[in-house]
Structure formats: C-alpha cells, structure tokens
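Asker: What Swiss-Prot shows for this protein is this:
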{"type": "DOMAIN", "residues": "26-288", "note": "domain 'Pyruvate carboxyltransferase'"}
{"type": "BINDING", "residues": "34, 35, 36, 37, 38, 105, 362", "note": "substrate binding site"}
{"type": "BINDING", "residues": "35, 196, 227, 229", "note": "divalent metal cation binding site"}
{"type": "MOD_RES", "residues": "196", "note": "N6-carboxylysine"}
{"type": "DOMAIN", "residues": "563-643", "note": "domain 'Biotinyl-binding'"}
{"type": "MOD_RES", "residues": "609", "note": "N6-biotinyllysine"}
C-alpha cells in the first residue's frame, strides 16, 4: 500500500469511530522484568529485586508479563549465580493471577545452538510445570522449521504458543515475504502471531501495511501483536499505526526502562489509547506506582547502563542493534583495537550479506558481529572463521533468508561446493543430547539430578558445572553491584591498589564525567600503555607511561592478570597458538606429543558467547599445552606451543 492510500483509509476509519459503537480493547503485555531490564541493565537485576515489582504487576491486569527466557537463563548462571528455575518458581508465587511469559529461541530453546526435539519437549514441559503459560517462539533466520516442534510441544502440553516473525530490511525481505511467513505460522496452528522488530527500523506506514496484510491473509482468525524496539525513535508511532491496522496486542515496558533499545513506555501507550475505541482499561495510577519501583531498581543497577541503549537514528543506516554495538566495542577494547570500531561497524552489513541477510538478533547478531570484528582485527576477511559461521554455512542453524556468498561457501565447504539447507537444523543436532546431559550431570552431582538440573547442563554445560560446584561448596557469589564513584581524590604519593572506573574531575571550574573503558595489554616497564577513556560520553584513546600501575575496576586487565597467575606464558614463538580475542577455553583438542598440521584446529575458545576455533600456526609436534578448559585467555597468551620438526612426519 502507498502512503496516500493508507492515509485515506485511516480517514475513513476515523469517520466510523465518530459514529460511535466501535470498540476494540487493545491488550498489553509488559516486558519490564525480562526484555526491559535486558535492554537497559544487561539482564543483571537479581530475583530479590524483581519480586516486589512482579507482585505489584500482578494487580494491574496485563494480558501477560514477560519474566523469563532470552538471556535471563544464561545470565542467572554466568553472573548472578542463581538457579533460573528457582527464579521462575519464586516469581510465580507472587504472580498467581497473571500469565507468565518467556522468550523461547525455537530449536535453540534459550541457548545459542539447535537442540534435539526431545530436549525441546523436556524444556517446554518443565517450563509449564514451573509457571510459564505464554511462549514467544522465534527463529533468528525465520526458518519456520525451527519453531514448528516448539509450537507443537507448547500446544500439546497446555501452553500458549506465540510464534514470531523477525523483521529486517534487505533486498530479499519484501512485503510478500512477510505474508508468506505469516501463512506458514497460521498453518502450524500457533495461538498468536507476533510481528517482531528487534532492531527498531520498521517505519509507520510499513507497519500499517504489513499488519493489515497479515490480518487479511490469515482471514482475521489469528490474533496479531506488535513487538517493536525503539532504537530509531519511531516505535510509539508504529504502535498507533498497528492499532489502526487491526493489531490485537502491543508489547511495552515501564517508563524508567523504556524507549531506545527497549520499547515504548507502558504508561505512554495506555494514555495514548485512553478514551478511544481502543482503550486498554489499565489504570494509569497503578502504572505510576510500578514506575516508582522500577526507578529504584534502575538506580541500584546504574553501572550497567550504556550510551548505546538510547535512541540512535544511525540504526536506520547500519541496522545494528544497540546491544550488538556495545558487544563489538567490548571485544575491540579487549583486543586493544578500539580504533577499528568504525571499520567493524562497516563490515557488519558485508558479513550479513555474505550470510544471506539474517535478521540481527540472537544468535545471528552474535555470529555476524564476532565475525565482523575478526575480519577487521585479523587484517583479512575470513582469515579466521568462527565455528558458528562454519556451522551456519553447513546448515546447522537452519536455512538463511537468502543465498550464501559463493566465495565464503567454497572457503568453508571446498571448491565448487554449495550449501545444502534441505535438512532441518534439529536433525543435525545430537539426538542423544538429553541422555548425555543426564549422565554427565549425575556424575557432577554424585546423585540423581532433577530434570531442571539436566536442562541447565544441557544448555550451558560450562556455566552449569561451575554453578553446581559452587553451590555444593556454599560459594555462590553473584557479580557485585558496585555503587558509582562520584568523585575521586588522590593524595600525593598515594596510589590505590585498584583505581575507580568512573569519577568526576574539575578543571578550571568545569566538571567532566570520566569513565575508564579499558586498558591495553601490559607493556614493558617504562613503555607507554593505551587507556580508553570516555569523557562526557566521548571515547578517547590516550597513551600513558605509568610509574605506579593502578588497575581500573571492571576493566579487561584482571583477565590478563588471571592468565599470568595461572602460569600461561605470553606468545613469543612462531609455534605458539593464540586466541584472536579474549575469551574462555572450552576445549583443548590435542595433547603434548601429538603431531599437527598447520591450520589444524587445536582448541576452542568462547568469546562473547561464540565459539572460535584456534588453529595450529605451524606444522609439527605439540611441545607444551599451557591451558585447560575454563581458563581465561587474552590474544597475547600462548595456549600451546608447537615445535617445528625438519624431518617429514606422518599426521594421524
């Protein structure tokens, strides 16, 4: 539909409204406890701080409240040292009257890689048992084969399946493409269709046309909702256009955590529709009470806020979500290459095109972002290819929306070979993943595990094992929530052991907010070292020759220090295998004495939730392995050392 046609159609609708008699209550799902805090506070809000909010939200009358899934499962284990299943049970206790909703990543469940159908069924069963009613099910590639099993399981086990279409903008994503996706979802029997723009780049007239088209194509029998992040600042206008196009429900977030990388404010949307034929029936006074609770939460977790979470209209050009940008910045700081951020951002659309234009949301945003960073810092495109990109091209994530770059496909699959996406991703997953996870969890715990414990391990084995061991020892210590250091005074001759990461300085009567974002790797004594400092929001790189070293709290340096303390030497020899960026060792694939070929994969390192293959820099014999699974490493650490041997050797 053209904009002029849409405007004329809306005029006619308003004439009908003026006659009276038309009423359509718009339903509201509030996402504050999950997506709101994920967008604005890095998902770091602890369960104890969420419970008072959830208890108050139970009295408002939302259609549902999203409290679980997405990154919460991972973050609970990795940073908060909480059992995500216990979180869900505790929330359900204080919200008996409201449907609880979770974000479900299709065949990936809440992880980053496809799992077996058996694992999907097990997870859905336990989620419903522990309190979830509504499942928002999506696949990052819009390969609906990846959500079909989940939708079937949810319906069979008594849940409510909201199947999602993930919006993006590319030459292959046309109006007709969205309608085709919608018809596939209607055919699989979903209870609702969610149209999701996770990046925040859809425009109002397009919103109207697509929502109206979906409603008409599905015969008005399938309820439709809009999930629209606000990165470009147009989401609340999209909400209004969706309402006029016939949408049935809107996703919102309470105002202290709304807008920008998050969603339109619940209060704003409710007020916008109040007194109209679309009145939500929600009491604004109750929303104000909720907002006061959220304000206090935001104050406590202020350290996790970032400038990338605000409105940024540049997203309309580069299509990169705020969270993805902040991840890339963190990677480049730790790799001592922040000066390459613009190159990395420019590389993102190139990688996205090479991979067939996937929408940039989990896990495709991580796959594209990490590869773009590697392409830039290695100095050559696809010189280093992540395991995830290889798996993606081999079809292990599903079928991309468009064709894979021929050059990239041949680099991974071999000359003249093309990707085969005819096989469903789940059929390439380990069919025995549940059984293996059960046995390994039992061995770790030394007893029969619960289904929930097996699921923790099946989805996040390293993090779950760490959690189980720490829980057994009574050593579950969550990541500290440090208060912001407002001012810092350093007396002459006194240098603190750990310098503050955030402070104010006064220079000629003017105040400047300063934040140390990162520090480069250690240099030789007396040599300058790069510090990345943000002054009033502007990032600067400075070189300092320190006489006494002060380590900023929260910077990447402690990881390097940890590596040194564990006896991991710095890479100095041609045969030293290194990681392309800071990360955690997942697997070491060789042992001392093994013969290896140049380019052979010798280890796997996880960085930014993606697995990177570490290759042998030369052919020879593994002389020494310096790391083990669980070790944190930086790019200048030697993971293992290979000794070149002159005589011809045979490789097994």
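Every residue gets a Cβ built from N, Cα and C, even glycine.
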Asker: Tell me the residue counts in helix, strand and coil for the domain 'Biotinyl-binding' (563-643), as DSSP assigns them.
Answerer: 3 helix, 37 strand, 41 coil
Asker: Once the DSSP letters are reduced so that anything not helix or strand counts as coil, what is residue 37 (substrate binding site)?
Answerer: helix
Asker: I'm trying to understand the geometry here, so how far is the Cα atom of residue 36 (substrate binding site) from the Cα atom of residue 227 (divalent metal cation binding site), in Å to the nearest whole number?
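Answerer: Distance between the two Cα atoms comes out at 12 Å.
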Asker: Write out, in the order they occur in the sequence, the residues of the chain not among 35, 196, 227, 229 that have a C-beta within 8 Å of the mean position of the C-beta atoms of the recorded divalent metal cation site.
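Answerer: What remains near the Cβ centre is 31, 197, 198, 228, 251, 263.
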Asker: What's the CA-CA gap between residue 35 (substrate binding site) and residue 229 (divalent metal cation binding site) in angstrom, rounded?
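Answerer: So the alpha carbons of residue 35 (substrate binding site) and residue 229 (divalent metal cation binding site) sit roughly 10 Å from each other.
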Asker: When you rank 196, 227, 229 by Cα distance to residue 38 (substrate binding site), which of the binding-site residues ends up on top as the closest?
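Answerer: Of the binding-site residues 196, 227, 229, 229 has its Cα closest to that of residue 38 (substrate binding site).
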Asker: Within 10 Å of the Cβ of residue 362 (substrate binding site), how many other Cβ atoms are there?
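Answerer: Taking every protein chain into account, the count is 23.
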Asker: What kind of secondary structure is residue 227 (divalent metal cation binding site) part of, going by DSSP in three states?
Answerer: strand
Asker: Quick check for the class: what is the C-alpha distance, in angstrom and rounded, between residue 229 (divalent metal cation binding site) and residue 37 (substrate binding site)?
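Answerer: Residue 229 (divalent metal cation binding site) and residue 37 (substrate binding site) have their Cα atoms 13 Å apart.
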Asker: Show which residues of the chain containing residue 105 (substrate binding site), separated from it by at least 6 in sequence, have their CB under 8 Å from its CB.
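Answerer: In sequence order, 69, 70, 111, 138, 139, 140, 362, 363 meet the Cβ cut-off.
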Asker: Within 10 Å of the Cβ of residue 34 (substrate binding site), how many other Cβ atoms can you find? Include all protein chains, please.
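Answerer: For residue 34 (substrate binding site), the 10 Å Cβ neighbour count is 26.
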Asker: At 10 angstroms around each C-beta, which of the binding-site residues 196, 227, 229 has the fewest other C-beta atoms nearby?
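Answerer: Relative to the other binding-site residues in 196, 227, 229, 196 has the fewest Cβ atoms within 10 Å.
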Asker: With DSSP assignments reduced to helix, strand and coil, which class does residue 105 (substrate binding site) get?
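Answerer: In the DSSP reduction, residue 105 (substrate binding site) maps to coil.
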Asker: What residue among the binding-site residues 37, 38 has the most other CB atoms lying within 10 A of its CB?
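Answerer: Highest number of other Cβ atoms within 10 Å: 37.
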